[in-house]
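S.K.: This is the structure I have questions about; it appears just below.
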Amino acid sequence: MTIDSGFNHITVLLDEAVEALALRADGCYLDGTFGRGGHSRLILSKLGPQGRLLGFDKDPQAIATGQALAAEDGRFVIVQRSFAELGAEVAARGLHGKVSGVLLDLGVSSPQLDDPERGFSFLNDGPLDMRMNPDQGVSAAEFIATAPVEEIARVFKEYGEERFAGRMARAVVERREKQPFTRTADLAEVLKVANPAWEKGKNPATRAFQGLRIHVNNELGDLEAGLEAALDALEVGGRLAVISFHSLEDRIVKLFMRKLVKGEADNLPRNLPVQHKVFEPKIKLIGKAQFASEAELKANPRSRSAVMRVAEKLR
């Protein structure tokens, strides 16, 4: 597979995210969402000869890019796995509790959105796929073809936050009984007609497509598992930086960090004898949530929804 697909990706919050990791020259770091390697390359430029960086991605095109980088720089290794599985990879490499920092840059990348053949976009017609790894799992077309109307509506509503989810799901099922969906443009058109109240400046298929993508790739489940695995992998004093792009992701990150700042006692039954340390925070927050600067927004409008939260492990 060619590495240069012709679709460019501008890394969001590049300097801010790498700075948030408080890099040590000899540290071991994880880039849980390698993508096209923007963050990884900057991290490597700041590491010394003893530093190490382990990258994760599900996307075969990202893996090809990562393999090329690994061939150039022996401090870097790329792994084709979801960051939700980083715990197993870290354990296999003897790095549990020894990682100095973890970076997660969530969501879909610009090359994935802009390449019609990946099936993520309602703007460019392509096969209705949406899988980060096209070799694994059920495609969006397969899900739409077989799921009950109630399940399609749930995905649109729960993951896409689409208020007309039921109406749009019924329109999808009515159309699939006549002709199956195989192309993104066909689905987008049906969703467009079924949506009675278009949001200004937003394509009426936007929320439903987001819901489908999140469901097909189990993005929220992976995020919850990945956050826990990242915290376990970190050494005391290690940093976790997470960039999210919509409210569902950010809510999970915010609640995860808030719970650990408070300590674990809130999650235990009342009157249960516990050791004092469970009342102590497991992490501390580093600064407030960060957003793209005006300069970055101007250069890359897609950064407008990005929010980064950073935490440091205390115990």
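Every residue, even glycine, has its Cβ placed from backbone N, Cα and C.
Feature annotation from Swiss-Prot assigns S-adenosyl-L-methionine binding site to G37, G38, H39, D57, F83, D105, Q112; the stated evidence is sequence analysis.
I'm curious about the neighbourhood of these features; can you describe it?
M.R.: Within 10 Å of the C-beta atom of D57 (S-adenosyl-L-methionine binding site) sit 26 other C-beta atoms, taking all shown protein chains into account.
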S.K.: Which residues does G37 (S-adenosyl-L-methionine binding site) neighbour through Cβ under 8 Å, counting only same-chain ones at least six apart?
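M.R.: When sequence neighbours closer than 6 are ignored, G37 (S-adenosyl-L-methionine binding site) has G55, A62, T65, G66, L69 within Cβ distance under 8 Å.
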S.K.: Give the number of CB atoms, excluding that of G38 (S-adenosyl-L-methionine binding site) itself, located within 10 Å of its CB.
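M.R.: Looking across every protein chain shown, the total is 19.
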S.K.: Once the DSSP letters are reduced so that anything not helix or strand counts as coil, what is D105 (S-adenosyl-L-methionine binding site)?
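M.R.: DSSP assigns D105 (S-adenosyl-L-methionine binding site) to strand.
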S.K.: With H, G and I counted as helix, E and B as strand and the rest as coil, say where DSSP puts D57 (S-adenosyl-L-methionine binding site).
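M.R.: Note: D57 (S-adenosyl-L-methionine binding site) is coil by DSSP, not helix or strand.
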